[in-house]
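S.K.: This is the structure I have questions about; it appears just below.
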Amino acid sequence: MEQIIIFDTTLRDGEQSPGAAMTKEEKIRIARQLEKLGVDVIEAGFAAASPGDFEAISEIAKVIKTSTVCSLARASENDVRRAGEAIKHAAKGRIHTFIATSKIHMENKLRMSEDQVVERAVQAVKWACEYTEDVEFSAEDAVRSEVDFLVRVFEAVIEAGAKTINVPDTVGYSIPSVWGERMAELIKRVKNSDKVVWSTHCHNDLGMAVANSLAAVMNGARQVECTINGLGERAGNASLEEIVMAIKTRSDLFNLGTRIDTTQIVPASKLVSTITGYPVQPNKAIVGANAFAHESGIHQDGVLKHRETYEIMRAEDVGWGANKLTLGKLSGRNAFRTRLKELGIELESEDALNAAFARFKELADKKSEIFDEDLHALVNDEVVQDTAELFKLVYLQVASQTGEIPHAILTLNRDGMEQRAEATGGGPVDATFKAIESVVNSAAELLLYSVNNITSGTDAQGEVTVRLSKGGRIVNGQGADTDIVVASAKAYLNALNRLYVKPEKLNPQV
Ligand code: KIV
Ligand code: ZN
């Protein structure tokens, strides 16, 4: 069966979701999981965005062996050379360069003529070819570009050496029949179109990213750009899990395959959600908690008699239930280390391992069954707390009782100095946040507060996401604990740490 190339851009376009910025270590963990999942190309970032992004791509290029590692680059010499340097250690490396081709972008954003855009695109592809044979070119805002101009640009970049031609619906404007036709027309009209792989990259502003991507596939695209959980700019990108499962489940229509190990989908979804702080809605296809839950009695009865009456996929085929009960109270340090390794988690030092093991023992005292998700959350929390540069939680006491006003007392370590604070609030979390603010005085706006249980049961760890906004910057903070008020305090402090210390980085589309 002919294979579709799955190009995952969770670490680049996904990271452009408000507050989803990831650290190098977090990106490496996700990259390892993407490799395990079997994605063909991992877009690891935008090398020119910041020194941190450059370093993350270089590290990923060193550790990933089976997937191609790609860096995005605007069509400028500096960007392309940074991308080339970042992927130089990759077993298989790609440079993905792009420039906008719609009138609205060329006139208002780039302030360049059509001729200048073609010239720059060709030049960027030629610079990229100095580093790798695997060069991808994207015509940003192809959806609102004139087809004649797209044909001209694509012919020129193919001539210059591009091997993959990506057609993005940057603003999520298309609908499936139109997008399919556009792909078919380009493939038909562009000279040497059979020498390249045609790709599609769809945003979800009208909720049609997956449908549009599949329409492109039906019309000749052989690479789909997508993200785990559909994370991405604004309403997000096409979701990898939906694309892959649609192609697999409806192979009668597509007659195509992918290299994806579908049993790794749910673990990948949970990891990305834990790290970015973007919860998955319960009714999300494939990876939502209710995706395989049957509420109505008639459905339950049908499924018990014959599963296919109401199920078109098997939960276990996408990785539900794959979460192993891995460790317990009596597990030793070696078993802990081995399981972390199997999960692709490598702690930087013996000290970090010892600290994580101590946290694991504490958790095992409170929670009898420890699952893989618990280990991911625990390590995430450990790294988050450990790398906290300004504020750390030292102590928290919260009193909450019917008929009384909730009251929080806490001690924070602020840049090496301990400070005590207390406050009352509408609830225990509100009181805790107010106590923290009385020390920090950030005046940041709280955009989101959400709690999710990591596994089932009332002894599960709660995973809290806090999204803060200040001076135009948006950050997410995470915290995990069996006590959700403690998890909330950690998440709030994590967001503050990101707000105060994280350097700004460049957005490729600006
Ligand atoms: O949406 C878009 O156009 C992009 C390009 C950089 C491929 O993300
Ligand atoms: Zn995009």
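The backbone N, Cα and C atoms fix where each Cβ goes, and this holds for glycine too.
What TrEMBL says about a protein is an automatic prediction, not a curated fact.
Residues or ranges marked as domain 'Pyruvate carboxyltransferase' by TrEMBL: 4-266. Taken from TrEMBL, the feature Mn(2+) binding site covers ASP13, HIS201, HIS203, ASN237. Under the heading region 'Regulatory domain', TrEMBL lists 392-510.
For each listed feature, how buried is it and what is near it?
M.R.: Taking Cβ-Cβ distances under 8 Å and a sequence gap of 6 or more within the same chain, the neighbours of HIS201 (Mn(2+) binding site) are THR9, ASP13, SER138, ASN166, VAL167, PRO168, ASP169, THR170, GLU225, ASN237, ALA238.
Across the region 'Regulatory domain' (392-510), the model assigns an average pLDDT of 91.
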S.K.: Would you list the other residues of this chain near Mn(2+) - those whose C-beta lies within 8 angstroms of the C-beta centroid of ASP13, HIS201, HIS203, ASN237 - in sequence order?
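M.R.: Checked against the 8 Å cutoff, the neighbours are THR9, PRO168, THR170, CYS202, ASN204, ALA209, GLU225, CYS226, THR227, GLY232, GLU233, GLY236, ALA238.
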S.K.: Would you please pick out, from the binding-site residues HIS203, ASN237, the one with the fewest other Cβ atoms within 10 Å of its Cβ?
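M.R.: Per-residue Cβ counts within 10 Å for the binding-site residues HIS203, ASN237 bottom out at HIS203.
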S.K.: Measure from the Cβ of ASP13 (Mn(2+) binding site) and count the other Cβ atoms within 10 Å, all protein chains considered.
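M.R.: Around ASP13 (Mn(2+) binding site), other Cβ atoms within 10 Å: 25.
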S.K.: DSSP on HIS201 (Mn(2+) binding site), three-state: which is it?
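M.R.: The residue in question, HIS201 (Mn(2+) binding site), is strand (DSSP, three-state).
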